[in-house]
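Chemist: Have a look at this one before I ask anything.
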Amino acid sequence: MWPLARRSRKMTRLLFLTQSLSSNPKPISHSHTYYNYSVSRSFHNSISKLSLAFLHPIRSPAICAFCSKPSSAAGVGSLPSMTEDISHLTQREAAEIDEILMGPLGFSVDQLMELAGLSVATSIAEVYKPSEYNRVLAICGPGNNGGDGLVAARHLHHFGYKPSVCYPKRTAKPLYTSLVTQLESLSVPFISVEDLPLDLSKDFDIIVDAMFGFSFHGSPRPPFDILIQKLVCIKNYDQTRQKSSAIVSIDIPSGWHVEGGGGAEGIKPDMLVSLTAPKLCAKKFFGPHHFLGGRFVPPSVADKYKLRLPPYPGTSMCVRIGRPAQVDISALRENYISPEFLEEQVEADPFDQFRKWFDDVVAAGLREPNAMALSTASKNGKPSSRMVLLKGFDKNGFVWYTNYESRKAHELSENPHASLLFYWDGLNRQVRVEGSVQKVSDEESDQYFHSRPRGSQIGAIVSKQSTVVPGRHVLYDQYKELEEKFSDGSIIPKPKNWGGYRLKPELFEFWQGQKSRLHDRWFLSPL
């Protein structure tokens, strides 16, 4: 029966990679399945640093740009190493590049402005979640930098933020009036300087500084001198506040000299989004987040100015540059907002409750809802965990498949008890299942094996989990040989050392995250 229930203030949060979640992680460029492996010492000493990067790929978008090969489509020059500086432009070079882009290369102002504004919006979305930093104020100047801010505000609206715009010196040019019309059609409010609060942090989570770009000369005139001073003082009003507004500057922090800096009294933005390439003043930027945006520099311009720029990862419109942000791990926390999980809502049979929650996850469209952490222990009690994929469940238990010569298989032969953990971040839910483990029948394993894609079947034959191999090329050669052998469509025999396990549950724990760590937690035993 299921008599035990309690609320818990504590949770151990599981974080897993965005890479494919299984006991057999997929290689980057192949659809079939391989496995993690160690490299022998002699081979390790002989391979190049590039090979090491391939054997241990870094998948984070924030640093992927320094690990992937530069593409001609990215419109950049040679890839800078981690120790080299990315190119920085003088004011003259920045102006010349703009003239080239809008002259012989055929770009229009509105095209470049659209790309720039989209880059700014995606950079913001990379760092500041709309669930925490929802209220945005874009302060826009009369020139192109202000236009970038207007475009960014439109995209931020579509990204789920609530932008407002302060645009005190509007221009009558059709391009800018069209941008204003687009924002007004989305009911984005425009706020006058006079109506802004003294302390912007009270009403806004993010301030987008889009007042002046690299072509600005002289000292800011009213009302921009006042607005800049508001940004300078933004964190000085209430030192006890846990979170003040984040300042995001577009290309140049307003008031800074394009080849110098802002001095002790200048704006100190939390994020700088450089466009085309960083300007010289960006070397004086010491905030935690520096992004490059635009993605419109063609190879001819990169070659002419000898630009060293990172490639943009995938389809992203921005790439993080500079040193990685310093993170206060102790300050990382989520305040879960979820419906209460009350006793009367709990199904009497834990299998029915699991099915109900699993259906919710599938309906929510969460990625790989069947991903689960499998924890085993040796006969000496030494534990180990890894991500695998659930391949079936019913009243008899939970089933997954693996190599019977892997570490987890050896541990299960010594200690046939294990636990499973499902963590569904999008719904603030997790489920733990503990129980005894048995192998499934050969017939069941064989049936599932032949339901897999043929590439995965061949991968299971090649894969020798938890063993040392000379290198990835050995796997590829063996795979290619078997691929050719079975190219006639003949049946691929299941390896004898491959099959399934079934965990028969003895205890379920259903966890629903709540505010202030007052989580709902129910323990259920099978009927």
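Including glycine, each Cβ sits where the backbone N, Cα and C put it.
Annotation comment: TrEMBL describes N144, N145, G146, G147, D148, G213, F214, S215, F216, H217, G218, S219, D251 as (6S)-NADPHX binding site. Taken from TrEMBL, the feature K(+) binding site covers N145, D209, S254. The domain 'YjeF N-terminal' annotation in TrEMBL covers 94-309.
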Chemist: Hey, what's the Cβ neighbour count for F214 ((6S)-NADPHX binding site) at 10 Å?
Modeler: 26
Chemist: Would you say which of the binding-site residues G146, G218 has the most Cβ atoms within 10 Å of its own Cβ?
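Modeler: Result for the most crowded candidate: G146.
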Chemist: So the record assigns N144, N145, G146, G147, D148, G213, F214, S215, F216, H217, G218, S219, D251 to (6S)-NADPHX. If I measure every Cα pair among those residues, what is the longest distance in angstrom, as a whole number?
Modeler: 21
Chemist: These are the binding-site residues: N145, F216. Which one scores highest on other Cβ atoms within 10 Å?
Modeler: N145
Chemist: Restricting to the domain 'YjeF N-terminal' (94-309), what is the model's mean pLDDT?
Modeler: 92
Chemist: Applying the rule Cβ within 8 Å of the centroid of the Cβ atoms of N145, D209, S254, what extra residues of the same chain belong around the K(+) site?
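Modeler: My list of surrounding residues reads I139, G141, G146, G149, A210, M211, F212, G213, S249, I250, D251, I252, P253.
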Chemist: How many neighbouring Cβ atoms, not counting its own, are there within 10 Å of the Cβ of D209 (K(+) binding site)?
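Modeler: For D209 (K(+) binding site), the 10 Å Cβ neighbour count is 29.
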Chemist: Rounded to a whole number, how many Å is the Cα of N145 (K(+) binding site) away from the Cα of G218 ((6S)-NADPHX binding site)?
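Modeler: Between the alpha carbons of N145 (K(+) binding site) and G218 ((6S)-NADPHX binding site) there are 16 Å.
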